[in-house]
Amino acid sequence: MSSNPFNPFEAALNWQRKTLENMTDAAETSQVADERLELMESVDVGQTPSNVVYEENKLELLHYDAEAAGIEVPDEEKEDVPILIVYALINRPYILDLQEERSVVRRLLEAGHDVYLIDWNEPSRLDQHLTLDDYVNRYMDNCVDVVRDRSGQDAINILGYCMGGTMSVMYTALHKEKVNTLGLMAAGLCFDHTGGVLEEWGSEEYYSPQDVVDTFGNVPADMLDIGFALMDPVENYVTKYIRFAENMENEGFVENFGRMEQWLGDGIDVAGEAYVQFLEDVYQDNKLYKNELELDGKHVDLDNIDMPVLQLMGEYDHLIPPEASKPFNDVIASDDTRTIEFSTGHIGLSVSSSTHADLWPEVAEWYSERSTGSEEVDIEVESPEAAEDDAVDQSELTDIDVDATDDVDADATEDDATDEPADVDSVSGIGPTYAERLHDAGIHSVADLAEYDAADLADIAETTESRAQDWLDQL
């Protein structure tokens with residue numbers, strides 16, 4: 001028999017004491033709640049200084065300024081070969097530059113790398129017919145050419161994040177001569193019952209991406225956000241808010257929480273046709289891994305990927321499990337491949353303190369060891385008038401669908417008129433890559449362009465006949 005029998009009077013006092021403590025804690029928490037909510041709303045993200053050096057349709061190519069960021073690197077430690085970060089078409093890229101001590105961009109700058117990033121921005125309804133070919137063989141290729149031209153390198157380093165990593169694989173297979181090294185971060189590449197919940201939900205047995213696009217045009221950000229959150233509903237709808245309440249008095253925790261919530265709620269729509277292609281060809285049919293993928297009739301041949309390849313994976317990534325990435329290294333031609341599986345999740349690869357202490361310095365070193373540089377090359381990247389910050393000014397494209405057939409603005413044409421005929425890149429839709437191909441064929445001016453029919457231009461520029469016809473319709 002117990003020597004301490006139950007004492008109802010003492011139990012009642014203990015219950016009362018505990019209740020008073022809880023009430024006191026709740027009162028103290030409520031006093032700081034409004035202040036903490038204001039703090040969450042005032043946090044800054046994406047603070048590393050950058051300049052927009054190229055624009056096309058909605059995309060902006062950012063060049064980060066280490067000096068303006070207060071990052072001092074000795075000249076002998078600066079790398080000649082730049083890194084182009086290719087972000088996903090989903091969400092905003094500032095998850096890679098969330099705050100100073102948790103910024104992938106800053107870690108690379110601190111290691112002496114010259115860093116660029118493609119910010120796709122949000123497509124309009126006019127962009128719903130953009131395809132993966134548009135994103136990979138037009139937009140990405142134009143951005144790569146700008147970076148090559150600015151750096152004087154014939155091949156650059158690429159770091160692709162998530163969906164941007166998958167697109168970077170496509171690009172590298174089609175343009176291997178322009179890629180020095182290929183880094184992939186949480187990239188979905190192999191979907192043979194290896195992609196976890198996302199692959200199962202995206203199975204053609206349960207889901208038709210075409211039905212979504214037929215209904216909405218572009219895929220709504222809200223639909224995507226809810227779908228991702230429901231993959232781990234307890235964490236996303238319960239646990240994280242309990243943690244927030246328990247740490248409300250910790251200003252640093254509240255600021256970090258606010259930054260993450262801002263990013264999670266800052267989703268963007270995805271161009272409809274590209275979404276359908278990605279889901280059907282990459283997820284449902286696994287064509288990329290099987291080496292069967294084609295973009296606009298061009299084979300995305302994995303045998304062309306023979307440069308150094310680095311894969312970064314999160315051990316606990318529920319969106320892109322490591323098994324959806326690892327097997328890829330076995331089907332490419334490169335004999336210099338490496339995988340790093342870090343003890344974190346999908347987003348943790350970008351923002352966890354441990355990855356910034358241990359992983360990203362190692363990644364920066366990997367790029368440095370393989371960035372010996374090359375002799376300067378002269379890449380013809382012509383543009384309209386240069387902006388004050390030496391940007392490639394294509395602002396007239398920013399709000400125009402890539403397939404639009406509107407006439408070139410007459411007033412702008414008159415203002416820019418000179419004795420020299422207008423170059424072909426003044427036509428909406430002809431970026432540096434297409435312009436270079438046309439120039440090589442002796443087609444330099446708009447007048448030269450008008451002498452050809454769409455079929456011939458398509459062959460010369462290595463594009464579709466419909467796109468070539470769009471160019472002619474503007475003349």
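Cβ atoms are placed via backbone N, Cα and C, with glycine included.
These come from Swiss-Prot:
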DOMAIN    82-348  domain 'AB hydrolase-1'
ACT_SITE  CYS162  active site, charge relay system
ACT_SITE  ASP317  active site, charge relay system
ACT_SITE  HIS346  active site, charge relay system
REGION    369-431  region 'Disordered'
COMPBIAS  375-423  compositional bias 'Acidic residues'
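Taking the features listed in Swiss-Prot, we show where each one sits on the structure.
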residue : record                           : CB count, 10 Å
CYS162  : active site, charge relay system : 26
ASP317  : active site, charge relay system : 23
HIS346  : active site, charge relay system : 18
Confidence summary (mean pLDDT) of the domain 'AB hydrolase-1' (82-348): 91
Separation of alpha carbons, HIS346 (active site, charge relay system) and CYS162 (active site, charge relay system) (Å): 9
Pairwise Cα distance for ASP317 (active site, charge relay system)/HIS346 (active site, charge relay system) [Å, integer]: 5
